[in-house]
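What TrEMBL records for 1-24 is signal peptide. The domain 'EGF-like' feature in TrEMBL is assigned to 69-108. Under the heading domain 'GAIN-B', TrEMBL lists 213-376. Sequence annotations record features per position, and here TrEMBL assigns domain 'G-protein coupled receptors family 2 profile 2' to 382-628. The transmembrane segment annotation in TrEMBL covers 384-407, 419-436, 448-472, 492-512, 532-556, 576-598, 604-627.
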Amino acid sequence: MRNKYLSLLPGLLVLLLFPMGPTAQNSKACALPCPPNSSCVNGTACRCAPGFISFSGEIFTDPLESCDDINECGRPSPVDCGSSADCQNTEGGYYCTCSPGYEPVSGAMIFRNESENTCREISFPIWTAPSGIKSQALSHFLNRIQDLGRNFSSASVLNTVRDLVQETGDLLETPGDLKTLPFSEQHFVVTNLLFGLENVLRGVSKALPKGSFTFSSSAGIELSLEVQAPSYTNITLIQKQTKMMLTWDTVHDSGDSGLAVVGLLSTPGIDKFLAEAPLVLDAEELTTLHETRRGLLQETSHILLSDVISAFITNKDTENLRSPVTFVFQHEHGQNGSGHWDTRGCRVTSTRDNSTTCQCSHLSIFAVLMAHYSVQEEDPALTVITYVGLSLSLLCLLLAVLTFLLCKAIQNTSTSLHLQLSLCLFLAHLLFLTAIDRTESKVLCAIIAGALHYLYLASFTWMLLVGLHLFLSARNLTVVNYSSINRFMKKAMFPVGYGVPAVIVAISAASRPHLYGTSTSCWLHSEKGFKWGFLGPVCAIFSVNLAFFLMTLWILKRKLCSLNSEVSTLQNTRMLTFKATAQLFILGCTWFLGILQVGLAARVMAYLFTIINSLQGVFIFLVYCLLSQQVREQYRKWLKRIRKSKAESEKYTLSSRTMSEGCKHSEVRSCTAPRALH
């Protein structure tokens, strides 16, 4: 048995020693210490890695030797990159790139040999002129740019860049007919100028050798260029008013080992073409502003505090940069103070009186703007007065409308005018009270603003008709209801009262529909004087009514002087005088106080305007209903009818109850009598 097991030992030893064979061999091969960039061949030799060589050759046995980099680009060079290309040596290898002033047609910035070479001389980029702009100054500028492009060569790149900067400065210094273009076309030209110049400079700067360059024009334009090879250092461009700082990975495409260009262009004279350029705020920023300033209006005015700059790099895809770019702007103190300005993609990291630091995730055209917002602080007292007064006015206007409709004794032309005025004011106040701040939907808000525009214009138009009728009535005191004037008013009042406001609103909506509704209220936008579509007719109506009022007073004064002591005529004249005064006070003076809300008396005028205007319906009900003898008599009749109806109802209820009780008594007697007989 023992011999049997001993016979298995050789096989077992073979299995145990078999996996140890290679390990033992490697240990024996690596016993010789090999230098860096080499590997062991056997126990007595080392081999240099590809791209490296020792003094003794590829394989050596001396442990003191080293493997050094082979310069494939040295002379005599075994590498042929072809014409217009340079060999770039690396540790253990090499690559070919196009020579300065040349670019690869294939787009591959590096290649290995002549067969992959597609280098050609850098061409002048195409500048596309803005379409639809007619300007001799712009045409002359673009012709000069075309001349520079035709004469461009890599050898003259410095002169070309210098001439580009000078031509741009000359255009901004003497714009000629560019200043006569509409603002929208000026913004279009400036946008094309800046982006076109950026595109040309990015293209021709590739022909520049490595280094830093600065160009300037007599008009103050300044261009800073930095041409660098791949590195891990940050890039900083400094000018008089601006500094730009960014990292290398932001500038260069990944895998691109060629030269890269960073440019910073300052155009101090371009601000004169940016008047009224719109400012688009980031949605989150706009929401924050509205939350902190409840009375903030959508429209803003802004001024440029810094020079307008354009930043560009070799990489054209600059919408989402790997690392943010930091800009430091030097500018004036803030108190002195089709493209658009946009805050998206940039944030302010720090600000001082004369400098602002921003970080941006993209490259474009930049400047520091100070935006002025029209802010109206809310007064809680005015808000309470408005809601209470309008609620009371709505109740009184409703009662006035019902009175004018149901009281037949007073129904005439004057009542019809007052009825339409009360209806328009009721609807306008109701819509104002319930929907003025419904700004969630832009379309709905615009419809509400248009409806308020129409209803308030209709109210003032009916006020004009009431003033006209009051003036004509003063001239015809004894024949108010039978004159030809009365028939004319009946025919003309509805087309004028509802037609004229409809025409004004239709013209306003057709010309600028986007100006109906703001970010804080459903009313007219103040941009480009759009509110004068309401204020203009209101001021005109107030002026005409004031003239009617003065002429009516003059007529009534003469009438009072010529009257006898007849009581009825005297009472009619006094009533007309009172109504004329009340008419001006109620329907004209209120809005005139709104126009006077300026200066030191603005707060007082605001309270007077709010109180009188919110109680407008109360005054109408008081003057035309409660102070009218016929209406009071009608109210008495209605009260008597109500009391009589109530008394008859109570009498009927009492008689029914008596009859019911009598019936119960008779039933009891009929039931108890048989028992008594029994």
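Placement of Cβ uses the backbone N, Cα and C atoms for every residue, glycine included.
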- Is the domain 'EGF-like' (69-108) packed against any residues at least 6 beyond its ends, judged by a Cβ distance under 8 Å, and which are they? 37, 49-53, 114, 116-122, 153-155, 157, 206-209, 257-259
- Note on the structure: Spatial neighbours of the transmembrane segment (448-472) not adjacent in sequence (6+ beyond its ends, CB under 8 Å) are 413-414, 417-418, 420-421, 424-425, 427-428, 431-432, 435-436, 438, 483, 485, 489, 493, 496-498, 500-502, 504-505, 508-509, 516-517, 522-524, 533-534, 537-538, 541, 544-545, 548-549, 551-552, 555, 576, 579-580, 583, 587-588, 591
- Per the 3+ Cβ pairs under 8 Å rule, pairs at least 6 apart in sequence, do the transmembrane segment (419-436) and the transmembrane segment (604-627) touch? yes
- Candidates 492-512, 532-556, 604-627; stretch with most C-beta pairs under 8 Å toward the transmembrane segment (384-407): 604-627
- Message: For the domain 'EGF-like' (69-108), how many residues does DSSP put in helix, in strand and in coil?
- Response: 0 helix, 16 strand, 24 coil
- Over the domain 'EGF-like' (69-108), what is the model's average pLDDT? 84
